[in-house]
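Feature table excerpt (TrEMBL):
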type     : residues : note
TRANSMEM : 12-32    : transmembrane segment
TRANSMEM : 52-77    : transmembrane segment
TRANSMEM : 98-123   : transmembrane segment
TRANSMEM : 279-297  : transmembrane segment
TRANSMEM : 304-325  : transmembrane segment
TRANSMEM : 337-356  : transmembrane segment
Amino acid sequence: MILFRYLSLELWKSFFLTLFSLTSLLLLARFISLLVKLAEENLTAKDYLKLISFFIPFFLAYLLPLAALMASIFLFMRLVQDKELLALESLGLSFERLMRPVLVFSIATLLLSYFVTLAYLPWSKHAYRTFLFELTKRKIEKGIPARAFVPITPGITLFVKDSWKKGQNFAVAFIIDETQSNKKGLIFARKGNFHFKKGSIELTLNEGSLHIVNKDFSSIQEIQFKTYIYRTQVKELNQKRTPSRGEMGLKELKSKALSLPEGDDKQVKYLVEYYRRLSFPWAAFFLPLIGSYLGAMIKTSGRVTGGVIAIVLYLGYYFSQSIGVSLAESKILPPQLAMNIPNVLLVLILIFFFYLTKKQIIRPH
């Protein structure tokens, strides 16, 4: 029991330290690029804290398996370098018994990974898109800026060449309408004005034309107008927004997939996302177990070698998952089978190490 607690404590300490370091590094890199894009948005400290809470789940979903793998490798590397592993084996403790804390640790990281992937990540993606919508609403309330693409509503984007009176009036306007999947629209107006009042948006366009093109270019319509008024309620805009696959929960993904024609490309993509969420968290279970064998076989000192091996193994897993996605979307394999290819490979690697250790073909030192 004392040994179990000791090894478990070392595992969790290394895991949280690695996870914190990697997450902080990626957050910093993401924020540097984001600050350039949002420099003119006048964000408050509260807004930046919101952004951090939105980005953390995305990074955690991918970093949890890697941090768990590194923690396992680093633990057994240290046991080898300090001769503790040799001393424990001389006392009659088998290597499999030393892996019991890793097994419990792997189960815990699996559950944590499932929570992040199934609940926390979809929420954060939805909240992030809602936050961007709020930023757009703030910008619109201040008037239409010149020479900038402004998403007025989901699927409708406005661009004006010139604007004045705090963006209330504008000249040479282009509106791109992508609200319908089978048609695209382009509205041109020589001038117009914009009003935002009592929770509603009103665009008045003068001296322009409306162009509607079918997706297959089989039909083109053109309508000339002297005055065209577009009005909508702001509260309805976010409700009209179609959630992306990343925002949907498992039930929504499955329901959406079943509502589409069998074999349809969109149905396959929804099923790929559905089975990917169910399969990917298992990396947080299998990788630490494999890391125990790898860490016990590394004789070099320092964590650089272990870190490199962990990254290479993790990238191999991620690459195999990308292959699975391609096979599923190409309809070569069913999504449920294709998305579990990486996990099958990890199981085979784990069995391979277990067999070689049992037969003493290789022996952790």
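Yeah, the Cβs are placed from backbone N, Cα and C, and that goes for glycine too.
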Considering only Cβ pairs under 8 Å, which range in 52-77, 98-123, 279-297 makes the most contacts with the transmembrane segment (304-325)?
52-77
For the transmembrane segment (279-297) and the transmembrane segment (52-77), does the number of C-beta pairs under 8 Å, pairs 6 or more apart in sequence, reach 3 or more?
yes
Take the transmembrane segment (52-77) and find every residue of the same chain, 6 or more past its ends, with a Cβ under 8 Å from one of its Cβ atoms.
7, 10-12, 14-15, 18-19, 22-23, 26-27, 30, 85, 102, 105-106, 109, 112-113, 116-117, 120-121, 123-125, 127-128, 131, 280-281, 283-284, 287-292, 294-296, 298, 303, 306-307, 309-311, 313-314, 317, 364
